[in-house]
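Please see the structure below; I have some questions.
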Amino acid sequence: MLTVLLDGLAAGMLLFVLSVGLSVTLGLMNFVNLAHGAFGMAGGYLCVVLLNRLGLPFLACLLAAALCTGLLGLALERLLYRRLYGRDHLEQVLFSIGLVFIAGAAVDWLMGARQQLITLPPWLSGRVELGGVGLGVYRLFLIAVCTGLLLALHLGLVRTRFGSRLRAAVDDAVVARGLGIPVERLFAVTFALGSGLAGLGGALGVEVLGLDPTFPLKYMVYFLIVVAVGGANTVIGPFLAAILLGLVDVAGKYYLPQFGAFGIYTAMVALLILRPQGLLARAAAR
Amino acid sequence: MRPALEAGFWLLALSGFWLMPEQLPLLGQAAIAALFVLSLDLLVGYAGVLTLGHAAFFGLGAYGAGLLAQQGWGEPLSGLLAAALLAGLLGLLTAPLVLRGGDLPALMVTLGLSLMLGEAANKLPGLTGGADGLLGVEIWPVLGLFRFDLHGRTAFLYALAVLFLLFLLARRITASPFGLALRGIRGNARRMPALGTPVRRRLVAAYALSAAYAGIAGALLAQTTQFVSLDALSFQRSAEGLLMLVLGGLGALYGAMLGAIVFTLAHHLLSEMSPLFWQFWIGLALVGLALAGRGGLLGLGAALLGRRA
């Protein structure tokens, strides 16, 4: 029971790190970016290559994965995404699905279609006994790292000038622009940050979520649920949504394996129907 | 479009029967894909409702017709009708969930519903055969006269005939006041009530109609290949349908069919080289089409013709 709880918590934390960038993209620029998972996949593969082929320390790999995918996100945003702001949603959907297909094919060609495995450093593997229950050290590590990230993001959004500008732009981009907030630049930076976080999440998640070329498609639904349920203007909303999703998903797979992913899709559709504005959204917002 | 061009299009499609006798199964696939894209066009191109899960209706039609034949009723035309009713009913039931306003909820609910259906089919091997696919589908001769043969002759003519009839119906529908109301809704959904159009009811009707069309396309696939796999419900199918639609030209019936035909033939040629490259090319085509904007092949053709005139 406790193991399931811990696993679900860890999976939820990962989902949060992976999808928090998407919620900003969607909220700020109203851009339907189905390719967000591709950044997570890129981070995961980078981590695998650096760790297994070059033998760098695990933490350095995580950092490199986050940085590189952040830069990749920045480059793609400046080169391609920028052209599609304000176009209609169908074109954005087609564009980002196209990116997912390209990324999948490219990774398949470079790395092969099989599942990627990593060997964790000794200090992160194994279990600890806590009150008579064995807890995976890596799960605890994940929870610690993601909690740290959550706090940093929340404080960054609430306390800093960048954060207040970002919130203003999400609330009403037109007025924010009128007040002299450089919405375009803000968005590029946020996009890079979101991609970098996705890359970090992908790298952290190799051990838990698995990694193969279908990763972006497989988890696309999960990211969308987190974003739709969590809302765009806070960090806490997506966080709660992600934790909920992780718990439901892991518990479902553990206790009712015969239903597979059916439960999670049902939960998503039900939530979308019951709370179309998101879990924490103020009903009067817009 | 000009009558001569139209007649030319259908004669060319029919002439495939004699010109490419070895490739008839492929041409049959193209006709089925054309019907599927036609149904997407009615929804996305005319009514302006976005969907990422149209494969749900295609797959439901395919499994419906396949199961009917497996259980001992292999009459093809009534199978098509049953599939259309089944898919149309699902469309009618899910339309209120999808049409809650906004593109994003529509995208996600359609995606979620199609994934639910796909997972259900995967987890019910007793009913659907699961990952092995639905086997033992036996279809009786069309109209009691034309037996399905190994070369796909009957299958091709049957699929083309169904496509032609349903195309005529779709053309009538899109030219009717109903079709015009849909275009109006796509242009500006807020103003249409002022003209006396019940927007919601029109959209629900369009959704159910499109679902029924997709169901028939799925049933055609099940009947002509005598097999149904999970592939019929996959996300890939929904995404490819959108690609074909945008490739051909959104909001034009001939554009939809042209896109499907070009796509199916290109798929055949390119995937012979390598299935991996094929996925890469689809991705590139999607990105390119999205960046280049509307119009597709049909828009390109019209621009060329217009320049010459």
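The backbone N, Cα and C atoms fix where each Cβ goes, and this holds for glycine too.
Annotations per TrEMBL:
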TRANSMEM  A:6-24  transmembrane segment
TRANSMEM  A:57-81  transmembrane segment
TRANSMEM  A:93-112  transmembrane segment
TRANSMEM  A:132-157  transmembrane segment
TRANSMEM  A:186-209  transmembrane segment
TRANSMEM  A:221-247  transmembrane segment
TRANSMEM  A:254-274  transmembrane segment
Return the stretch with the most CB pairs under 8 A relative to the transmembrane segment (A:221-247), choosing among A:6-24, A:57-81, A:93-112, A:132-157, A:186-209.
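Highest pair count goes to A:6-24.
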In the same chain, which residue numbers or ranges, 6 or more beyond the ends of the transmembrane segment (A:132-157), come under 8 angstroms Cβ to Cβ?
2-3, 6-7, 9-10, 13-14, 16-17, 20, 120, 123-126, 163, 166-167, 197, 204, 207-208, 234-236, 239
Considering only Cβ pairs within less than 8 angstroms, which of the stretches A:6-24, A:93-112, A:186-209 has the most against the transmembrane segment (A:57-81)?
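Answer, by Cβ pair count: A:186-209.
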Can you work out which residues elsewhere in the same chain, 6+ from the ends of the transmembrane segment (A:6-24), have a Cβ less than 8 Å from its Cβ atoms?
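Distant Cβ neighbours of the transmembrane segment (A:6-24) are 33, 36-37, 39-40, 135-136, 139-140, 142-143, 146-147, 149-150, 153, 166, 170, 190-191, 193-198, 200-202, 204-205, 208-209, 219, 222-224, 226-227, 230-232, 235, 237-239, 242-251, 254.
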State the non-local partners of the transmembrane segment (A:186-209) in its own chain: residues 6+ outside its ends, Cβ under 8 Å from one of its Cβ atoms.
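Apart from its flanks, the transmembrane segment (A:186-209) reaches 10-11, 14-15, 17-22, 24-25, 28-29, 36-37, 39-48, 61-62, 65-74, 76-78, 81-82, 116-118, 120, 138-139, 142, 145-146, 149, 162, 165-166, 169, 215, 219.
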